[in-house]
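J.: Starting off with a structure, shown below.
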């Protein structure tokens with residue numbers, strides 16, 4: 001009861017004080033009260049709920065009209081809960097695998113030996129794929145949805161890719177070993193929710209969450225589109241009058257199969273913004289319009305069973321490692337990645353990935369040869385950082401060719417990292433803007449991969465002594481200069497980059513320099 005009383009005191013102070021510094025201190029006070037309670041981490045449920053609600057309301061207030069704060073500083077750290085920052089900004093070029101896929105994307109997902117990418121656009125998606133790329137083969141799907149495909153899950157056993165817009169879910173059957181280029185429509189589901197998808201019971205059921213609860217379909221009993229993928233599913237056709245797509249013929253008009261059952265949300269639950277299954281099987285979710293995350297019970301309608309505190313903005317991603325069933329990582333729009341023990345409400349360690357002024361869209365928790373690592377992708381900072389969890393320090397900073405990082409995927413069997421990156425210097429029509437002539441340091445790495453004929457005596461690595469290179473461009477507003485990494489390159493477009501780790505990584509395999517130049521007026525997308 002003493003903890004509840006102290007939390008009430010903080011709530012009263014927050015309601016009566018309009019000082020920004022005071023608000024930041026009160027946020028930290030809540031976490032300190034939680035951690036210092038003698039019963040921690042086995043606290044009363046009422047106290048955790050009170051703290052969760054209080055933190056959420058104060059974070060809302062911080063970004064509201066009273067304060068209009070852009071980024072809240074991390075406030076959940078303590079004596080035994082450190083905040084790790086990149087104080088020295090060590091710049092190591094790392095091992096960057098050859099080749100890149102020219103795909104515009106918000107999302108990548110790894111499944112087996114394949115990489116699934118949910119992009120934007122429909123007819124132009126095939127034009128964005130470089131099918132001559134060396135490290136993989138590529139096939140694309142233009143889903144017949146009326147809206148943007150914002151959700152993606154893959155059943156690698158049944159070889160089904162599920163994508164969804166706000167109204168329907170469509171699945172596509174693939175068998176890349178039998179026919180690589182043929183991916184046929186399989187199912188269409190009529191959904192009353194617009195939330196995340198989840199496969200359960202080894203793919204026998206697919207779920208979709210939202211404000212109407214949890215919809216469920218039994219996959220093995222669903223009608224399909226037939227052997228050629230053209231058979232209609234469901235009675236009638238969908239209304240496409242408000243569709244954003246330019247070509248209505250690209251929209252498959254099946255209404256789809258209604259959910260076999262719907263579980264209403266528990267009275268303590270919120271609709272999920274997104275969710276995921278941890279390596280231990282628990283369902284973790286980010287409740288919509290709240291700055292926290294919960295482990296929730298599916299059968300009871302997402303009733304919260306464990307709450308995790310300390311986020312200074314909306315959670316953007318979850319990640320867990322198969323080698324550690326007791327921990328998971330969150331990425332957050334406040335620029336911090338937080339590693340939680342599922343038995344404790346506060347983060348064990350926080351990583352300041354955005355230098356306190358950059359949102360964090362993607363971060364991974366992985367193990368490499370038993371070593372726990374956190375990998376974070378920067379958008380404004382245009383790089384990837386690798387953090388050592390045990391040493392509580394940064395290990396590498398990896399170049400991304402002046403692109404921001406939207407999504408990361410880790411291929412554990414091949415010790416390979418995939419990064420879906422986006423260039424801010426290219427518009428929707430494919431025109432590049434804001435480039436200057438590059439000033440590439442005269443080093444052996446740059447000479448080898450740019451094809452310049454420099455004399456060995458000119459190998460200084462000093463960017464200030466580098467002449468302007470009229471054959472290569474560099475963004476005027478790039479976060480890094482040309483000499484920031486061991487090898488200078490600019491993507492010049494949206495790309496998926498591959499990074500190889502381990503003893504078999506070949507440092508001589510590097511991505512090609514992009515073709516963006518200052519003053520370009522042609523469409524090079």
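Easy rule for this one: first residue shown is 1, then count along the chain.
Just so you know, glycine gets a Cβ as well, placed from its N, Cα and C.
Model, not experiment: these values are computed from the prediction.
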J.: For the annotation region 'Disordered' in TrEMBL, which listed range does it cover: 194-218, 219-243, 244-268, 269-293?
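T.: It is 244-268 that TrEMBL describes as region 'Disordered'.
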J.: If you look at how TrEMBL annotates this chain, which of 423-446, 447-470, 471-494 comes out as region 'Disordered'?
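T.: Per TrEMBL, the stretch marked region 'Disordered' is 447-470.
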J.: Please count the residues of the region 'Disordered' (244-268) that DSSP assigns to helix (H, G, I), strand (E, B) and coil.
T.: 3 helix, 5 strand, 17 coil
